[in-house]
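Listed in TrEMBL for this protein:
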| type | residues | note |
| --- | --- | --- |
| SIGNAL | 1-26 | signal peptide |
| DOMAIN | 27-195 | domain 'Plant heme peroxidase family profile' |
| DISULFID | Cys37-Cys120 | disulfide bond |
| SITE | Arg64 | site 'Transition state stabilizer' |
| ACT_SITE | His68 | active site, proton acceptor |
| BINDING | Asp69, Val72, Gly74, Asp76, Ser78, Glu90 | Ca(2+) binding site |
| DISULFID | Cys70-Cys75 | disulfide bond |
| BINDING | Pro168 | substrate binding site |
Amino acid sequence: MAHFITFLLVLSLSLTFSLLPETASAQLRQNYYAKTCPNVESIVRNAVTQKFRQTFVTVPATIRLFFHDCFVQGCDASVIIQSAGSNKAEKDHPDNLSLAGDGFDTVIKAKQAVDAVPSCRNKVSCADILAMATRDVIALSGGPSYAVELGRLDGLSSTAASVNGKLPHPNFNLNQLNSMFAAHGLTQTDMIALS
């Protein structure tokens, strides 16, 4: 179990730092919300803890949601955006239909808790909340806690078409899987941990 949790930590950190090239130019940093929402980390942690107490499914659901989000367009929370009008969003692509509702619910509840604080309302991105929530479920499940650099921007575009070819399929062979993960700066060990 300890090895699995260590893999989750490494994987989460790898996803956080390697999958969104635009994130590097966004100048991620700790205490990003120090002036606008100084208690954001504890607000998110408390909301995630409440959700975790309701069901342990929160852990794998949130981690998988983070993975699916990061692999498609980078860690921008675009997987959370709802389909509207003629636009079919990422979340409604067949590869994402099996994402557990508890992952979405964790982010929604944490966002609601953050926005309930007047000084924080509409100041914290869902992308950052998802990254913090992932860190928090790892810690709640017995893994380590780690600092998350913040400052991600929420994606403004979410289309089902953007998912095509970005997520591994059950019929992929080892070479296909290794290539897909390597394209995101992840090793075979990272892939095994996620699987």
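Heads up, residue numbers simply count up from 1 along the chain you see.
Cβ coordinates are placed from backbone N, Cα and C, and glycine is handled just like the others.
All features noted in TrEMBL, drawn onto the structure.
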| residue | record | contacts (Cβ under 8 Å, 6+ apart) |
| --- | --- | --- |
| Cys37 | disulfide bond | Ile43, Val114, Val117, Ser119, Cys120, Lys123, Val124 |
| His68 | active site, proton acceptor | Val79, Glu90, Asp95, Asn96, Leu99, Leu167 |
| Asp69 | Ca(2+) binding site | Cys75, Asp76, Ala77, Ser78, Val79, Ile80, Ala127, Leu130 |
| Pro168 | substrate binding site | Gln176, Leu177, Met180, Phe181 |
With the Ca(2+) site defined by Asp69, Val72, Gly74, Asp76, Ser78, Glu90, which remaining residues of that chain have Cβ atoms positioned within 8 Å of the Cβ centroid? His68, Cys70, Phe71, Gln73, Cys75, Ala77, Val79, Gly155, Ser158, Ser162
Cys70 (disulfide bond) to Arg64 (site 'Transition state stabilizer'): how many Å between their Cα atoms? 10
Given the recorded positions Arg64, Val72, Glu90, which one's Cβ is surrounded by the fewest other Cβ atoms within 10 Å? Arg64
Write down the Cα-Cα distance for Arg64 (site 'Transition state stabilizer') and Val72 (Ca(2+) binding site), rounded and given in Å. 13
Integer Å value for the Cα distance linking Gly74 (Ca(2+) binding site) with Arg64 (site 'Transition state stabilizer') is 14
Top of the recorded positions Cys70, Ser78, Cys120 by count of other CB atoms within 10 A is Cys70
